[in-house]
C-alpha cells in the first residue's frame, strides 16, 4: 500500500473512532415525561351498508367510523 493510501486509511480510522455512537448512549436524557396519549373519537358505526341508510344516502367509511352521507353525482 502506498504512503498516501496508508495516510488516508489512518485518517478515516481516526474520524471513525471520534464519532458519537448512533445509539445515543452518551447523550443526556431530556427532562420531563411524555404527555398522556390524546383521546381519539370513538369508533361510530352508524351503518353497515347502503341499504341501512335513509333515502339516497350511502354508507361511507372513514377509518373506523361508518356514517350515512349524501351521495355526490359526477357528470
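Placed from the backbone N, Cα and C atoms, the Cβ positions cover glycine too.
According to Swiss-Prot, the disulfide bond annotation covers 43-64, 47-59, 53-68, on the basis of sequence analysis. Taken from Swiss-Prot, the feature domain 'WAP' applies to 27-72. For 23-42, the entry in Swiss-Prot reads region 'Disordered'. Look at Swiss-Prot and you will find 1-24 tagged as signal peptide.
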Which entry in the list of disulfide-bonded residues, 53, 59, 64, has its Cβ near the fewest other Cβ atoms, using 10 Å as the limit?
-> 64
Taking every residue in the domain 'WAP' (27-72), what is their average pLDDT?
-> 86
Ranked by the number of other Cβ atoms within 10 Å of their own Cβ, which of the disulfide-bonded residues 43, 47, 68 ranks first?
-> 47
Give the distance between the Cα atoms of residue 59 (disulfide bond) and residue 43 (disulfide bond), rounded to the nearest whole Å.
-> 15
Rounded to a whole number of Å, the separation of the Cα atoms of residue 53 (disulfide bond) and residue 43 (disulfide bond) comes to 18
